[in-house]
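Undergrad: Below, the features straight out of Swiss-Prot:
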ACT_SITE  Glu50  active site, proton donor
BINDING   His48, Cys78, Cys81  Zn(2+) binding site
DOMAIN    1-116  domain 'CMP/dCMP-type deaminase'
Amino acid sequence: MEQALKQAKIAFDKNEVPVGAVVVDRLHQKIIASTHNNTEEKNNALYHAEIIAINEACNLISSKNLNDYDIYVTLEPCAMCAAAIAHSRLKRLFYGASDSKHGVVESNLRYFNSSACFHRPEIYSGILAEDSGLLMKEFFKRIRTVISSHRMT
């Protein structure tokens, strides 16, 4: 999770929503993908950290199934990312801060408990949640400050 948090800080510095994700090979305890949100730079709403990490991992192992892999994410996944986690069959999901607005693991929809979900990873939440949450709060505080200063001019 520390590596995911490092990625989130990189996103923060790039004015991206500070979410980081890593995919780990469970058997060898090795990170095979380490990324962060990149929606602003790519001008593409699909470039969430989880989607990029899953894509990189699948390309690396030449398989769409990540049964022997775990994903660590600094923020509770949204609907798109939760579906990608299910479709790629990741074994375990570890995430940091809850997302009361868009999170669908435990905060809202509870996607992995729905009949629409055909694969449910083991779920572990609250890992480095305070660090992840503070980074998100600082990011959106900065955004609000920029918006306020533009309104004044």
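Every residue, even glycine, has its Cβ placed from backbone N, Cα and C.
Note that this is a predicted model, so its numbers are computed, not measured.
Neighbours and distances for these, please.
TA: A simple way to gauge crowding: the CB of Glu50 (active site, proton donor) has 28 other CB atoms within 10 angstroms, across all the protein chains here.
Around Cys81 (Zn(2+) binding site), the same-chain residues six or more apart in sequence whose CB sits under 8 Å from its CB are His48, Glu50, Ile51, Val73, listed in sequence order.
In terms of DSSP helix, strand and coil, the domain 'CMP/dCMP-type deaminase' (1-116) has 41 helix, 26 strand, 49 coil.
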Undergrad: Take every residue in the domain 'CMP/dCMP-type deaminase' (1-116), average their pLDDT values, and give the whole-number result.
TA: 98
Undergrad: Test of understanding: give the count of other CB atoms lying within 10 angstroms of the CB of His48 (Zn(2+) binding site).
TA: 25
